[in-house]
Amino acid sequence: PIWASLLKGIKSSGKVLYVSTLFPYLVLFCLLIRGLLLEGAPEGVRIMFTPKVSAWGTGQAWRQAATQVFFALGLGFGSTIAYASYGARRSPCHRHAVLVATLNALTSVLATLVVFAVLGARATRRARRCLLQNVELVSQALAEGGLPEFARPPGNLTALSAPQYSAWVRGLPPELRVTLRLSDCSLEEEMNKGVEGPGLAFIVFTETLTLLPAAPLWSSLFFLMLLGLGLSTMLGTAQAVLTPLLDAFPALRRRRALLSVGFCAGGFVLGLPFVQRSGSYLVAAFDDYVATLPLLAVTACEAVAVAWVYGAERFLALIWEVTGHRPLRLYGPMWRYGSLGAMLALLATSLGQLVLSPPTYQAWNRTTATLWRRPYPPWALALTLGLMVVTMLPIPIVALRRVLKPPGDAPGLQDRRLKPEEEEKEEEDEEEEGKDEEKEPARPPPPSWTPPHCLAERESSPLEDGQELCFPIGRTA
């Protein structure tokens, strides 16, 4: 399906995105309504909105939060830039950016509500099962006289709520709890079990969906939603790879279908290790280190390029020229210091944590039948660090290449510019067309800044041969 969606470029993939993007919203709303009706769902929602202040002081929590934002918005992957490059010359890009960020935040809240409602129902069910097991243990201890008078429960255990039972268990001496093999059965602990990585989608959700009426229907809708999310994500990733290649190498435009097949085949081969028996460990390594730390470095370099190399004021003037509306001047200091400082602080904290505490992964202990954390073997650490370096290596290589050989000396870029006479003819045609249409009110140009004349409009395909190429950020044609 990915290759078929990429066959005709943005025309075909855009139509597929309408379905793969909107369908998950429909399923999320259905799951939210059904999930809130489950027993224990309000407890899950309450835990969701109860802040855990102790986690705010850990760098891992902030790194995971930043990674979630980057993955949700596609920052650092190139997909947002690739899709934006097909926009019209005069487009409200500022309004679109604010709209996308707002919708992303609301979508995250919606998905989190669904997750915590289902987790609350699951935790309530598991806590009740744990309570019944402990009732049998306490009853056996009372019958055998092994429970002291001060440790007797306040009434019937089965009539106690989960918080009351947890308070009673925590009040017992630790030695007595170990002797009786009593557990806390708290909702918070039950909600945290098995929710790391793919376990949330493929274990926790499926466990709850199988207990619902019409379970096959809900399971089918849920996995169709996951398929749609994966399809839309892969289409964005494909556009981020294919669009720069088609722009930089004009000869590839005649072989778009073959290039798409090669991309899909390469992704299929590279994805095979992740579906092996050890694939879950590779997914955890990529999710925790290979995909997150380089992402922070890439976005930090992008912030440096826009705010300091190209200049925040020049970029604000460019937005003013494109949209016709002057953006807030607050964006300048935020780009220079706020967002850049936050990303550099997260990157430094993550690297420091990686050095001070060796990375670990979650494994299954067959002896105790429990999950435990183990340190990565040396070869896995070397492979992880190597992949991280390879991911970030193109940034200094391309920067050094641009310093040694400016873009104006690149033959591929020179061949794709308009000749002077063609440029004059194009300007004359635009003037003649403008006479037949109503004149737009002139937009005030930004002070002390000349708008670039080479903001080429991209429609349904990358730049055609002979069309002018412009690099408004960081370099000029």
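Along the chain as shown, residues are numbered 1 onward.
Note: Cβ is positioned from N, Cα and C throughout, glycine not excepted.
Features reported for this protein in TrEMBL:
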type: BINDING; residues: ASN104, LEU229; note: Na(+) binding site
type: COMPBIAS; residues: 423-435; note: compositional bias 'Acidic residues'
type: REGION; residues: 409-477; note: region 'Disordered'
type: TRANSMEM; residues: 16-37; note: transmembrane segment
type: TRANSMEM; residues: 69-86; note: transmembrane segment
type: TRANSMEM; residues: 98-119; note: transmembrane segment
type: TRANSMEM; residues: 197-215; note: transmembrane segment
type: TRANSMEM; residues: 221-245; note: transmembrane segment
type: TRANSMEM; residues: 257-275; note: transmembrane segment
type: TRANSMEM; residues: 295-316; note: transmembrane segment
type: TRANSMEM; residues: 337-356; note: transmembrane segment
type: TRANSMEM; residues: 376-400; note: transmembrane segment
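Fewer than three CB pairs closer than 8 A are found between the transmembrane segment (98-119) and the transmembrane segment (337-356), and contact between the two stretches is not assigned (pairs 6 or more residues apart). Using a Cβ-Cβ cut-off under 8 Å and counting only residues 6 or more beyond its ends in the same chain, the transmembrane segment (295-316) has close neighbours at 63, 66-67, 70, 75-77, 326-327, 329, 331-332, 335-336, 339-340, 343-344, 346-347, 350, 391-392, 395, 446, 449, 473-474. In this structure, the binding-site residues ASN104, LEU229 were compared by how many other Cβ atoms lie within 10 Å of their Cβ, and the smallest count belongs to ASN104. Under the criterion of 3 or more C-beta pairs below 8 Å, with sequence separation of 6 or more, the transmembrane segment (221-245) and the transmembrane segment (16-37) qualify as touching. Within its own chain, the transmembrane segment (376-400) is flanked in space by residues 285, 289-290, 293-294, 297-298, 301, 358-361, which lie at least six positions past its ends and keep a Cβ under 8 Å from the stretch.
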